[in-house]
Amino acid sequence: AGLNPWDVMLCVSGTAIACENALVVAIICYSPALRTPMFVLVGSLATADLLAGLGLILNFVFQYVIRSETVSLLTVGFLVASFAASVSSLLAITVDRYLSLYNALTYYSERTVLCVHTMLAGAWGVSLCLGLLPVLGWNCLHDRAACSVVRPLTKSNVTLLSASFFLIFLIMLHLYIEICKIVCRHAHQIALQQHFLTASHYVATKKGVSTLAIILGTFGASWLPFAIYCVVGDPDYPSVYTYATLLPATYNSMINPIIYAYRNQEIQRSMWVLFCGCFQAKVSFRSRSPSDV
């Protein structure tokens, strides 16, 4: 029947996602200085996005080379688990940023490490369960009437996934609003101590709030159309609607490394060490708070 251009674009997107995030994972694993809780979370996000990119590539290969309903079901479950882990890791990073500002005095402690590991265990555990649901029988391979806009997932399955996304999005929105309040309050306290708000403080505060808006806006713009269409869409609608909303959702995994990794000075230095050797291996790194990322 020939290649579907949308499938080709998803495969190309998956290749770009895999390459970008593989570099982030390699840098974090290579650099001992990047073993702080903040970078553990960034590594978790990069790993999830890396798996999602590989899943998109495998889905293309198995769709056109090895056509099997069982393999297709396994691939879809793998993609669901990977993207769920990516979204969950974004939530964990948001929670970590909030805690780094709200509990600044006690953030660098063993309790923070335990909290980060607990969040990651929960995020990956839930994501794995969501990915196993279609594999263990929650699919529409034997009941076409129960299919959703994303075959072979059922309507109830995608409704659960969409509801989970909406909940995570609302939690992130609330936390980022609280972070903005804390940042503005800190700027106001500094202004009171110095009797006036300097231009640098105003610019820094504005930049911080703008960055948070870009992060949340990018996340929402990528996933909201697909999540909404999964709820209101009908499997009889043309498949182009599913592709047109799914493709932007994959772009979030392509943008994540730029937002959370490549803009970070420590990761930039580690890239030079890894590829160019422009810095000594024992170069000193300044420990930064997640709120600086």
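Going from the start of the chain as shown, residues are counted 1 onward.
Placement of Cβ uses the backbone N, Cα and C atoms for every residue, glycine included.
Note that TrEMBL annotation is computational and uncurated.
So that you can see what the record holds, here are the features copied from TrEMBL:
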- 6-31: transmembrane segment (TRANSMEM)
- 20-260: domain 'G-protein coupled receptors family 1 profile' (DOMAIN)
- 38-66: transmembrane segment (TRANSMEM)
- 72-93: transmembrane segment (TRANSMEM)
- 114-138: transmembrane segment (TRANSMEM)
- 158-177: transmembrane segment (TRANSMEM)
- 209-228: transmembrane segment (TRANSMEM)
- 240-262: transmembrane segment (TRANSMEM)
State, in range form, which of 6-31, 38-66, 72-93, 209-228 has the highest count of Cβ pairs under 8 Å to the transmembrane segment (240-262).
6-31
Please report, as numbers and ranges, the same-chain residues at least 6 past the borders of the transmembrane segment (158-177) whose CB is under 8 Å from any CB of it.
80, 84, 87-88, 90-91, 94-95, 97-98, 130, 148-150, 212, 215-216, 219-220, 223-224, 227-228, 230-231
